[in-house]
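So that you can see what the record holds, here are the features copied from TrEMBL:
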type: BINDING; residues: Asn36, Leu38, Gly63, Glu85, Asp111, Asn141; note: S-adenosyl-L-methionine binding site
type: DOMAIN; residues: 43-234; note: domain 'Ribosomal RNA adenine methylase transferase N-terminal'
type: REGION; residues: 332-351; note: region 'Disordered'
Amino acid sequence: MAVPGKVAAFRLPPLPTVGEIIKLFRLKAQKQLSQNFLLDLRLTDKIVRQAGELKNTHVCEVGPGPGGITRSILSAGVEELLLIEKDARFIPGLQMLSEAAPGKVCIVHGDILTYKMDKAFPKHLTKNWEDEPPDIHIIGNLPFSVSTPLIIKWLENVSKKDGPFIYGRTQMTLTFQKEVAERLTANPGAKQRSRLSIMSQHLCTVENCFVIPGQAFVPKPEVDVAVVHFTPLVQPKIQQPFELVEKVVQSVFQFRRKYCFRGIETLFPESGRLKRTEQLMMTANVDPTLRPFQLSMSHFRNLCNTYRKMCDEDPSLFVYNYREELRQKKKMRHYLKSTSQPEQTEEENGL
């Protein structure tokens, strides 16, 4: 009997287990889609707990598959659950869960990389960016092939306050390969420090929650998996456009084992490259003999701010592409080689 004045906790009715669903609908993980199923509901509950208090919130689950994490989210008492699943084979099993939780589940057969998240939730949930995060969460056991491009896309959305972040500082709880999770959370000096470290940490508080051993998944992946929680910051640590920060960071880590000036050089055309590189590093107060993974967030902030000023003075700098310059050089060398055959003598012509 429910306690007077309290809303009874939501409970799913008896259902086939996730393993039985897989057998019932003859589901097999597809290697080309990097699919791995998590059947242990104790682990799915643990993943969902990392998202925080979900009672009466709105949740979007990415790639629910056979619905293990979906069950844990529904059991947490959410107001509404949006499921975005690309693989049509999983839709019937998810519809079974939807029928077990009337009015709570919306299933979208689509690709999360192209789905318009800015219309995914009711407008009344929107909060000011400076306020506490809205009652909206994104949760997902991401396929390895999608995880990095997807988090980069969402970090760009955070920077521009659009997509799922049009509602405010929407929190995310996602799975990654353990190695990728270590890059996302790596500190200066750590060997795992990379482009992902800077791009994520300058926009979000990033927490590596716990590691799930590969053997917990079906089929077993060759690597372990980590659960990572993201909360967008009120103020980014580098207050420059996403594209500019990404260009600087990508350039720095282009030669991660060399001194950082080697990567920074690639921001500038060959003509005047050395002089401009020295100017940038001197103004930004960055030691050119540091390795990329040794640079702190303040180093990257100074580099981005100084590079922005240089681009304002010479707008052609920002559109300059080092790799394109290399391609054009290679093309020109090939052309010159093909047109520089020695001319034949009259005797050779006669022969």
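Cβ from N, Cα, C; glycine included.
Everything TrEMBL records as a feature, shown here on the structure.
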residue: Leu38; record: S-adenosyl-L-methionine binding site; Cβ contacts under 8 Å, 6 or more apart: Thr44, Ile47, Gly68, Ile69, Asn141, Ile212, Ala216, Phe217, Val218
residue: Gly63; record: S-adenosyl-L-methionine binding site; Cβ contacts under 8 Å, 6 or more apart: Ile84, Glu85, Lys86, Ile112, Gly140, Asn141, Leu142, Pro143, Val146
residue: Asp111; record: S-adenosyl-L-methionine binding site; Cβ contacts under 8 Å, 6 or more apart: Lys86
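Summary: among the binding-site residues (Asn36, Asn141), the fewest other C-beta atoms within 10 A of the C-beta are counted at Asn36. Among the residues Asn36, Leu38, Gly63, Glu85, Asp111, Asn141 said to bind S-adenosyl-L-methionine, no two Cα atoms are farther apart than 21 Å.
Here the domain 'Ribosomal RNA adenine methylase transferase N-terminal' (43-234) returns a mean pLDDT of 96 for the predicted model.
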